[in-house]
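Taken verbatim from TrEMBL:
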TRANSMEM  20-39  transmembrane segment
DOMAIN    32-156  domain 'Integral membrane bound transporter'
TRANSMEM  45-62  transmembrane segment
TRANSMEM  69-86  transmembrane segment
TRANSMEM  92-110  transmembrane segment
TRANSMEM  117-134  transmembrane segment
TRANSMEM  140-162  transmembrane segment
Amino acid sequence: MIADPPKTNWFSKHRSQLFLAIRLLASVIATYIVTTLLGIPQPQWAVLTALIVTQGSVGGSIKASGDRFIGTLAGAVWGGAVAAVIPHSDAVGLGEALIIAIGPLAFLTAMRPGLRVAPITAIIVLIAPTGITVDPVESAAIRLFEITIGCVVGLVTSLIVLPVRSRQQLGNATNSALQQMGELMGIYIASALGTRTASESEATEEALQNHLDKFGSITTEAIQERRLYRAVDYDPAPIFRTIMRLRHDLVIIQQATHEPLPTSIASRLGPSLNRLSAVTQEFLHESGLAMQGEAPAPPLEPVELAIDGFNAAFDQLREEGGTRTYPSATVKRLFSLGHGFEQFLRHCTDFNERTKEWVARAH
């Protein structure tokens, strides 16, 4: 039986948002102090950079600071080179310089969206503030220095001020995905038995897909962060891959259960399917809690026994001729359902191993 989730207070519910707000404030203040001490005349670029690279997790800050620095370096070098070679003191010359400078950088941004600061930096280098004459090479160097300060201060702030590890976010994301998958499994099996309709799963399916899109970004951040904690952290990539495989298994099950089974078949397979539904939902629920560090990895045996029970009930139904009077499409659906369960068990086995390793790494 899945227990009701514990009630949380406002602070617990918004803890991550509050911590991020504090880190952002600390990052901005620290950067402003550093730029003031260094006598930088235009500190806004460093401050804005620190604000941008301070993300919700250490891994996110590592990725953001790397992208920001590389993008700025590319924009400053290329923009400075174009400014030094092409005269741009008048409107026509400036237009030509902008076309030559922005064209390649726009393509770079299209290939790697994280480097979208590159064309912005080139524009800043090319278009000096009104009334100020700056050597293009000097302008590029100043801009790169300012951005570097922002990247360094923002990253250091993320590491020392209420740091949130991507591991925590990955565990939370995995838990959310597993809870939604468990809900879908219950709807699909109930749909096959005629107690619910397939359309009831649409909202959860959409929510799960949106969540998996974010899951991919969190996994990328966790991989970036692992470079700092390789000795103690577990590789997040296998977890994401297994979650996606479980999602694919649910698609197979959904396709086999989009219409209710014939009444006589549903009555024979109903007990085993209901048992399988309850057990798999419990397994996914407990696995999610384990990934959050709130419970040990659950045993896999109940899922194995439940799927064996369905297979035994289906085999007995076939041996007694219970499927002979139905169209081949109905029988194919049953075989497809069994295949989906077998694949689901296979990937649950893999995920159970990943969960045990994840829990072991937490201690």
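All residue numbers here begin at 1 and follow the chain in the order shown.
Cβ atoms here come from the backbone N, Cα and C positions, even for glycine.
Mapped onto DSSP classes, the domain 'Integral membrane bound transporter' (32-156) shows 100 helix, 0 strand, 25 coil. Sequence-distant contacts of the transmembrane segment (69-86) (same chain, at least 6 residues past either end, Cβ-Cβ under 8 Å): 49, 93, 96-97, 100-101, 104-105, 108, 114-126, 136-137, 139-141, 143-144, 147-148, 151.
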